[in-house]
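Trainee: Positions annotated as GTP binding site by Swiss-Prot, on the basis of sequence analysis: 14-21, 61-65, 123-126. Among the features that Swiss-Prot reports, domain 'Era-type G' is placed at 6-173, with the record citing sequence analysis. The annotation domain 'KH type-2' is assigned in Swiss-Prot to 204-281. The region 'G1' annotation in Swiss-Prot covers 14-21. Taken from Swiss-Prot, the feature region 'G2' applies to 40-44, supported by sequence analysis. The feature region 'G3' is assigned by Swiss-Prot to 61-64. Per Swiss-Prot, the feature region 'G4' maps to 123-126; the stated evidence is sequence analysis.
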Amino acid sequence: MQNNFHSGFVAILGRPNVGKSTFLNRVVGQKIAIMSDKAQTTRNKIQGIYTEDDAQIVFIDTPGIHKPHSRLGDFMVESALSTLNEVDAVLFMVNATQKRGRGDDFIIERLKNVKKPIYLVINKIDQIHPDKLLQIMDDYRNTLDYAEVFPISALEGNNCPELIESLVNTLPEGPQYYPADQITDHPERFIAGELIREKVLELTREEVPHSVAVVVDRIHREDAEKVLVQATIVVERNSQKGIIIGKGGKMLKQIGVKARKDIELMLGDKVYLELWVKVQPNWKDRQVDLQALGYKQDDY
């Protein structure tokens with residue numbers, strides 16, 4: 001272990017769509033958590049790794065906490081709360097453009113039993129007038145004994161370096177858990193599937209997003225500069241399959257083009273992406289289907 005090397009695990013907690021994934025991608029400098037304006041975008045805890053010369057922070061981006069309406073929803077909330085027993089610090093992220101609501105209070109109640117340092121992170125300050133920020137800080141200030149309060153813009157990067165510096169100073173001396181050039185502990189197959197699912201969320205209508213899972217069936221390196229990726233998009237109804245395929249296959253082609261570009265950035269090679277769409281009724285409420293589609297809580 002290096003002398004005076006600080007390391008540890010930090011959970012990012014918050015209501016859906018407060019910008020947790022945007023912050024994580026900002027910190028590690030590459031897209032590993034998918035972003036969308038649709039709720040429940042992040043379904044598994046994704047570990048992003050930030051490393052500098054004398055410190056390493058392993059971030060866990062949890063699914064947004066919400067009132068569950070299906071077994072998948074139960075999994076997502078349990079997944080978010082289970083991280084609180086595993087970490088050295090917690091970032092409680094709130095949206096500066098929204099009033100404090102029941103979802104925030106739900107999280108605050110669960111954080112009252114956490115003995116680790118809790119940071120209040122007020123995100124999206126680039127979207128509000130500075131005068132409003134003081135009101136937001138006052139609204140949250142007495143809800144918990146926060147280690148620090150950081151107003152940030154994950155999108156623009158405002159105050160993100162200062163937040164990282166504070167976390168480094170908070171973490172104990174410890175080992176470097178991962179190599180310096182590693183930014184996540186998830187395999188390429190998992191991230192490729194998430195990038196494809198992001199494009200489905202971006203491009204399809206409201207009916208589809210919560211009913212979509214992606215299984216990457218195969219990643220095969222055909223030569224030194226070419227990678228074949230084969231994946232199946234799983235939906236619950238035939239009508240959703242029709243939306244994703246689109247007229248003459250146009251929508252599926254758009255999804256493929258956009259996803260391929262991001263996968264190429266991740267892999268650093270030319271990618272041939274083949275996509276299929278499969279109907280699997282009620283997969284969100286069947287435990288066996290959840291596990292087959294990658295929702296195994298112990299894995300993350």
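Every residue, even glycine, has its Cβ placed from backbone N, Cα and C.
Each of these features: where is it, how hidden is it, and who are its neighbours?
Mentor: In three-state terms derived from DSSP, Gly14 (GTP binding site) belongs to an extended strand segment.
Outside the region 'G4' (123-126) by six or more residues, the chain places 18-19, 22-23, 93-97, 133, 151-156, 158-159 with a CB less than 8 A from a CB of the stretch.
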Trainee: Could you tell me how many residues in the region 'G4' (123-126) are helical, how many are strand and how many are coil under DSSP?
Mentor: 2 helix, 1 strand, 1 coil
Trainee: Could you give me three numbers for the domain 'KH type-2' (204-281), the DSSP helix, strand and coil residue counts?
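Mentor: Taking each residue of the domain 'KH type-2' (204-281) in turn, the totals are 32 helix, 31 strand, 15 coil.
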Trainee: Around the Cβ of Gly14 (GTP binding site), how many other Cβ atoms lie within 10 Å? Please give the count over every shown protein chain.
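Mentor: Here the count is 24.
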Trainee: Over the region 'G3' (61-64), what is the model's average pLDDT?
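Mentor: Per the prediction, mean pLDDT sits at 61 for the region 'G3' (61-64).
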